[in-house]
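J.: Structure in structure tokens, see below.
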Amino acid sequence: MAPSLEEPIQPVDDALDSHLRKQPALKAAPPEHCPGPESEQAGKQDACAGCPNQAICASAPKGPDPDIPIITERLSGVKHKILVLSGKGGVGKSTFTTMLAHAFASNAENVVGVMDTDICGPSIPKMMGVETETIHVSSTGWEPVWVSENLGVMSVQFMLPNRDDAVIWRGPKKNGLIKQFLKDVEWGEMDYLVVDTPPGTSDEHLSVNSFLKESGVDGAVLVTTPQEVSLLDVRKEIDFCRKAGIPILGLVENMSGFVCPKCTHQSEIFRPTTGGGRQLAKDTNIPFLGAVPLDPRIGMSCDYGESFFDNFGDSPACEALRDVVRNVAEVLGMKGEDVLPLDD
Amino acid sequence: MSLQDIKHIALVLSGKGGVGKSSVTTQLALALSLQGHNVGVLDIDLTGPSIPRFFGIESAKVRQAPGGWLPVQVHDGQEASDKTNGHHENGQEKNSQSGHGALYCMSLGFLLANRGDAVVWRGPKKTAMVRQFLSDVHWGPLDYLLIDTPPGTSDEHISLVETLLKSATPEQLAGAVIVTTPQAISVSDVKKEINFCRKTSVHVLGVIENMAGFVCPNCAECTDVFSKGGGKAMATEFEVPFLGSVPIDPMFIRLIEEGKAPVYPEGTVVDGQDMHQNGEKSEVGDEGLLVEKYARCSLCPVFAGIVRGLVDNINVTAG
Ligand SMILES: Nc1ncnc2c1ncn2[C@@H]1O[C@H](COP(=O)(O)OP(=O)(O)OP(=O)(O)O)[C@@H](O)[C@H]1O
Ligand code: SF4
Ligand code: SF4
Ligand SMILES: [Mg+2]
């Protein structure tokens with residue numbers, strides 16, 4: 001077989017759209033050139049000849065996914081929905097989500113939620129200290145776990161049968177679980193919902209973003225680290241957001257420099273050889289929300305599910321994070337100090 | 001059949017992203033090459049391929065050959081120079097003069113028109129691409145093929161393992177190396193990967209703990225390359241081999257990002273080797289091959305050890 005690379009990449013809007021349509025239940029894996037079982041041509045194209053699903057696809061009703069309005073309804077009581085996205089894994093997306101939520105919640109007047117949609121990364125329940133909680137299911141849906149008076153968490157992990165097992169599922173099955181999660185969790189009235197998303201390398205990434213986009217998100221905060229390996233992926237993510245019509249609130253650079261705990265020498269672990277996040281933000285014309293230095297204690301707090309803000313409130317990393325949060329608030333059209341009053 | 005002439009195939013896995021799979025894959029390849037093996041690296045991270053960047057070959061393009069693709073060559077094999085010409089007096093210079101095996105890479109990155117483009121593919125297309133990478137790349141004879149994967153376990157992994165179980169012999173498919181970092185979160189993640197391997201009957205070759213300890217570029221006061229995290233205990237608990245701990249080395253990143261040969265402050269000793277002196281003696285400048293510059297990196301002796309353990313494990317498994 002000669003390698004074929006014609007039209008290798010599916011257009012982003014088309015890919016997003018396909019997640020928003022009814023998905024018929026297939027009896028076999030679709031072949032390589034499948035037009036998409038949800039598409040108008042399903043069951044009728046050349047690729048469909050001989051596909052075991054042909055009869056199902058050809059006769060399945062086409063049209064928008066009826067679950068989308070249900071998801072939108074579930075989230076209608078939430079004033080601000082913020083997606084946290086990254087191109088690469090491990091840049092600190094979950095850490096940042098947790099921080100952002102704790103920061104919003106440090107003002108007692110805000111009701112804040114954290115929604116964790118990452119099936120593969122078990123971080124949020126651990127970071128928020130709710131790993132062992134059992135989830136309350138009422139007649140109207142699943143209820144978030146309350147970490148404090150005004151901070152609730154719900155993770156798609158809670159819906160998995162066994163948390164130590166790898167989820168060895170192909171995309172459609174994972175997407176189904178995520179949809180279930182979005183449909184069933186009862187968020188109620190909230191000021192902020194911060195959404196930790198699967199890394200921009202997965203199929204789940206697409207489905208989460210397409211479902212939430214429909215429900216009206218304020219926009220996405222992109223997280224990166226300063227080195228080019230990571231910036232490379234965030235560029236793809238910016239391209240993705242633009243094509244998908246998801247507003248970009250701004251870019252945060254995490255792990256910018258490392259202050260040694262022994263001496264005060266600051267090392268740049270992840271060197272910003274191509275100008276780092278700041279330069280990239282400038283080049284791509286998006287707001288730069290700030291740079292957060294690497295502090296080993298952030299990792300430690302996260303491991304034990306404690307709030308870094310409560311424990312090490314005066315560390316430089318905390319200061320930087322608070323600035324970022326204020327900047328996010330400003331981008332959302334509020335006054336930074338109202339969301340997170342300046343210390344005096 | 002493109003896998004036919006490959007002796008051993010090893011996957012590099014991690015549950016969590018950003019723990020250093022690609023950098024571990026890169027260094028395993030460099031270390032194997034430095035020990036004289038011919039190595040191929042296949043990057044099946046289709047949406048975030050970083051192998052081209054790690055090997056500094058981002059602008060390279062894959063060439064078509066009848067019925068397939070030719071991988072991109074990072075460097076040619078080279079006999080140790082003291083075999084070919086025995087005329088250097090100082091045995092200590094051996095480090096910079098010794099030979100290495102050939103190194104090739106294949107990645108979707110080489111096929112993209114624009115490096116900043118978002119890659120959005122349906123599952124079936126990903127599956128087809130992974131299969132094609134396994135069937136249509138003309139690797140030629142290789143001692144080791146290392147496969148870098150995206151984080152987690154999704155379409156790419158399932159297709160990869162399915163295809164390998166079908167098209168590689170059990171002797172060829174050596175198993176998987178699992179990468180983690182000392183943070184508890186990523187250790188709990190390893191459990192998942194081990195479970196994945198058990199379920200798919202892929203042998204676990206061992207666990208590598210990355211980002212444990214720190215090689216300070218400023219002075220050697222508290223450079224701690226063997227600060228152990230939970231990796232070893234965890235490996236024991238799960239009865240899988242522990243291959244070693246790898247510290248964070250900013251000089252490694254500088255090497256990858258800027259192509260600069262690593263230099264270390266006085267007193268930086270790794271695995272009995274004085275990295276500071278090694279650097280001073282070495283004739284390899286910033287223009288040298290990546291593999292030659294890597295020989296000056298503090299992580300090189302660390303990976304030399306890891307690779308020896310890995311090769312042993314593979315040979316035991318292969319019988
Ligand atoms: N031991 C180390 N010393 C210094 N830097 C490291 C080390 N390990 C990894 N890094 C750096 O950390 C970053 C993330 O590593 P890498 O890209 O290998 O992770 P990954 O697991 O492949 O990520 P992804 O899941 O997104 O594919 C890279 O910039 C890499 O250079
Ligand atoms: S019948 Fe056509 S649309 Fe349906 S799964 Fe098969 S190839 Fe895809
Ligand atoms: S090794 Fe020296 S410079 Fe580096 S952190 Fe320790 S004391 Fe500071
Ligand atoms: Mg990688």
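Positions of Cβ are set from backbone N, Cα and C atoms, glycine also.
All annotation found in TrEMBL is predicted automatically rather than curated by experts.
So TrEMBL says this about it:
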BINDING   A:Cys34, A:Cys48, A:Cys51, A:Cys57  [4Fe-4S] cluster 1 binding site
BINDING   A:Gly87, A:Lys88, A:Gly89, A:Gly90, A:Val91, A:Gly92, A:Lys93, A:Ser94  ATP binding site
BINDING   A:Cys260, A:Cys263  [4Fe-4S] cluster 2 binding site
REGION    A:1-47  region 'Disordered'
J.: Work through the binding-site residues one by one (A:Cys34, A:Cys48, A:Cys51, A:Cys57) and name whichever has its CA nearest to the CA of A:Lys88 (ATP binding site).
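T.: Looking at Cα distances from A:Lys88 (ATP binding site), the smallest one goes to A:Cys34.
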J.: For the binding-site residues A:Cys34, A:Cys48, A:Lys93, return the ones with C-beta distance to chain B below 8 angstroms, or 'none'.
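T.: Near chain B - Cβ to Cβ under 8 Å - we find A:Cys34.
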J.: Of all the binding-site residues given, namely A:Gly89, A:Val91, A:Gly92, A:Lys93, A:Ser94, which is spatially nearest to A:Cys34 ([4Fe-4S] cluster 1 binding site) at the Cα level?
T.: A:Gly89
J.: Which one, from the binding-site residues A:Lys88, A:Lys93, has the smallest tally of other C-beta atoms lying within 10 Å of its C-beta?
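T.: A:Lys88, out of the binding-site residues A:Lys88, A:Lys93, has the fewest neighbouring Cβ atoms within 10 Å.
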J.: Tell me the Cβ contacts of A:Val91 (ATP binding site) under 8 Å, same chain only and six or more apart in sequence, or just say none.
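T.: Long-range Cβ contacts: A:Val223, A:Thr224, A:Thr225, A:Ser230, A:Asn254, A:Met255.
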J.: Rounded to the nearest Å, what's the C-alpha distance separating A:Cys51 ([4Fe-4S] cluster 1 binding site) and A:Gly90 (ATP binding site)? Just drop the number here, would you?
T.: 39
J.: List the same-chain residues at least 6 positions away in sequence whose Cβ sits under 8 Å from the Cβ of A:Cys48 ([4Fe-4S] cluster 1 binding site), in sequence order, or say none.
T.: A:Cys34, A:Pro35, A:Ala42, A:Gln54, A:Cys57, A:Ala58
J.: Name, in the order they occur in the sequence, the residues of the same chain whose CB lies under 8 A from the CB of A:Gly92 (ATP binding site) and which sit 6 or more residues away.
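T.: For A:Gly92 (ATP binding site), the qualifying residues are A:Val223, A:Thr225, A:Asn254, A:Met255, A:Val292.
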J.: Which of the binding-site residues A:Lys88, A:Gly89, A:Gly92, A:Lys93, A:Ser94 have a Cβ less than 6 Å from any atom of ligand 1?
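T.: Going through A:Lys88, A:Gly89, A:Gly92, A:Lys93, A:Ser94 in sequence order, those close to ligand 1 turn out to be A:Lys88, A:Gly89.
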